[in-house]
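Copied over from TrEMBL, here are the features:
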type	residues	note
COMPBIAS	1-11	compositional bias 'Basic residues'
COMPBIAS	12-24	compositional bias 'Polar residues'
COMPBIAS	26-37	compositional bias 'Basic and acidic residues'
COMPBIAS	45-77	compositional bias 'Acidic residues'
COMPBIAS	85-102	compositional bias 'Basic and acidic residues'
REGION	1-118	region 'Disordered'
REPEAT	158-199	repeat 'WD'
REPEAT	248-289	repeat 'WD'
REPEAT	290-330	repeat 'WD'
Amino acid sequence: MKGRNLKKKKPSAQQTKGKNNSTKRIAHDPFFDATEQKRRRKFDGDEDIESSDEDGGEFDSEGEREEGEKDEEIDETPAEKKKRLADEFLRAIREKERKKEEDESEEDDEVRREREGERDSLIAKILQQEQLEESGRVRRGIASRVQKPETSEGFRFRVNHRQPVTSVVLSEDDCRGFSASKDGGIVHWDVDGGKSEKYTWPSEEVLKSHGVKDPQGRATSHSKHVLALAVSSDGRYLASGGLDRYAFPGHKGPVSCLTFRQGTSELFSGSFDRSIKIWNAEDRTYINTLFGHQSEVLTIDSLRKERVLTVGRDRTMRLWKVPEESQLKFLAPASSLECCCFISDDEFLSGSDDGSIEHWNVLRKKPVHRVKNAHASLSDHKSERANCEGLSNGHLENDAQGSSGFGMTALSWVNSVTVCRSSDLAASGAGNGCVRLWAIETESKGLRPLFELSLVGFVNSLAFAKSGKFLIAGVGQEPRLGRWGRVAAAKNGVALHPLELS
């Protein structure tokens, strides 16, 4: 209460006396009679023993408690004692059974823990093996398991395009595919069902909102010619590049190639302006530019490490170590390189315009192995020669008119190479009517040819399923980066070839 001082008063003699009388009344209350009768049995003639308020009616000493328990045992009847002993016996039996069950359960737990430990160790080994395969330190042996097709079914077309396909990519789970062509069409399709959906080209308003400038020079509109596609490992981003060069404003020339670093949203783009740019797709931001090529950059590839592999028309292949800001230059023997891909972090393949395939190692500036005329088929090329219209002036390129074979024509140029991730299986494509499969062996043995898969047209892009169970090919009547050759009998589209593994 506010403003009032309260003092504690000492109890008067009258109040103390009343309190003692009330205590005596509580002691004689009928509620306590049943308990007090037992306590008085041994102390007949004595005064009542008062219990303390804190103990709530219990004995004041251990001796009194034991004496009380003895009194209770003395008051047991034979029937009650018999029942009590029987209950104790049953309780002992139940306790014994419970301990036995616990021991058995402990043994079961040990066995279960052992099995769980074995299973965990097996899972750990599998995960470790997958990690080693992903990093390229361990190579899966798939090439020896690939069976040569016995039927003439060959490639089956999944998607058709109006103009030659320039790029095909697969999602990380191999369930979805994406393809682009010279007509600007980008198609998303299901690998199993074949159901496809075409992406709509952005309107002029959307393009301008992303910073696209008006066409300069004699051009009256933006080109829709798409040259490259790349899909991120998590499937969230699909990047496209082409002659429009405005997906990420920065390049001064057409974007010819794209790749995502595995497991990240880091995007690398190569251009005809001789530079490689690094982007963050998640933030839509520019990171850095890599300079070194003296001519157009044609192809690019990357794995999980911060390394990028590129080839250019300057007859060089370069391995870029991004964190160290350094590069290794590899010089082609006698021709211009057209394509490249990683085998592992330290090994890679390339294809040249003279029809050869090169196997490289990071420790050597020259190829450790070279397959000449890789796509100079031994079969009769009369049909291909008849269907090849050559250049617009009616002549064949590279003096093909006087050559006995097609090794130096545009049909034998190696337009694409690919490797089944973390394996020894590779494939290459040209315009000579077939896709060739290769086994990647040790450096001393190099590449071993497996067999050919017939496919008419220029094979501009290839992609293996991660499992190695099928191969995707982007094919067209013309090469990816030009019109110096034409195969009129070819289809423009995406073809799939299943691979049977033993």
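Backbone N, Cα and C atoms are what each Cβ position is placed from, and that goes for glycine too.
Residues 134, 211-212, 225, 227-234, 236-237, 239-242, 295-304, 306, 308, 310, 312, 320, 322, 481 of the same chain lie 6 or more positions beyond the ends of the repeat 'WD' (248-289) yet place their CB under 8 Å from a CB of it. The repeat 'WD' (290-330) scores a mean pLDDT of 94 in the predicted structure. Across the compositional bias 'Basic and acidic residues' (85-102), the DSSP tally of helix, strand and coil residues reads 18 helix, 0 strand, 0 coil.
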